[in-house]
Amino acid sequence: MEWVNETLVREFVFLGFSALASLQRLLFVVFLLLYLFTLGTNAIIISTIVLDRALHTPMYFFLSILSCSETSYTFVIVPKMLVDLLAEKKTISFLGCAIQMFTFLFLGCSHSFLLAAMGYDRYVAICNPLRYTVLMGQRVCVGLVAAASACGFTVSLVTTSLVFHLPFHSSNQLHHFFCDISPVLKLASQHSRLSQLVIFTLGVFVLVIPLLLILVSYVRIISAILKIPSTVGRYKAFSTCASHLIVVTVHYGCASFIYLRPKSNYSSSQDTLISVSYTILTPLFNPMIYSLRNKEFKLALRRTMSKTRYPLS
């Protein structure tokens, strides 16, 4: 009961880039340019998929949802981070921190399940091409996205509730640039082993189960591709899966390093570096990996631009 007379934490102070004080203005410019480029490329992808009927397929439907998710994901973290890079006092209210964590986890967890749904889409397209339009109809696609969102919402709600129901009476200095689980949990006055166990279990549910589903899908996909007699056919089938595999590797690799390791190995500097990669760099590369280097998408983009340029023709 020693903490009864201590002051309740009403706000948190971000220390994520405190070691780079002399470079914060430069970081602001670099991160701002990367962020604007990310917003621009995702806007191009979404508008092209919506406007071009040739892209009204399950694969591009999932890509448009992925682009919307990543745009929202970065919006939760990056604008606040950019403001803090120029501010002397880098603070966030207790409630604001909880809202940021909930929204970030909701979008991040939904992203994991969405990647699993995209893996299933590739599996059906390659292993059951004759039944693809039936198995991946509009209702099925919308249902998969809704299920991914529902799982993400449930996990983020439970995790955020567990973290912010712990007492915070000691330090309010957060060694990060946004309200992530590990740095916030480290500031709690009393660490509940049950809370940490539940959070770890939820992390396994969000990361391991979708990844296992993706691996099962790709074992069957590779088996089916190897049976294709044509070299050109095998190359075309592999190329449709390569982009998804790259994004899966980056997403699950970074997330597993952050959330599935022992808390005794927590390192604020490592976490900050990895977090920059998946909050700024990964959303930047994903549009280029998925769409902007895709021949079918580039043709659709040209058609959309010509229609916009000459709307009456």
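Even glycines carry a Cβ here, placed using N, Cα and C.
Record features, source TrEMBL:
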type	residues	note
TRANSMEM	12-38	transmembrane segment
DOMAIN	41-290	domain 'G-protein coupled receptors family 1 profile'
TRANSMEM	59-78	transmembrane segment
TRANSMEM	98-120	transmembrane segment
TRANSMEM	140-164	transmembrane segment
TRANSMEM	194-216	transmembrane segment
TRANSMEM	237-260	transmembrane segment
TRANSMEM	272-292	transmembrane segment
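Using the rule of three or more Cβ pairs under 8 Å, pairs at least 6 apart in sequence, the transmembrane segment (194-216) is not in contact with the transmembrane segment (59-78).
Mean predicted confidence for the domain 'G-protein coupled receptors family 1 profile' (41-290): the pLDDT average there is 85.
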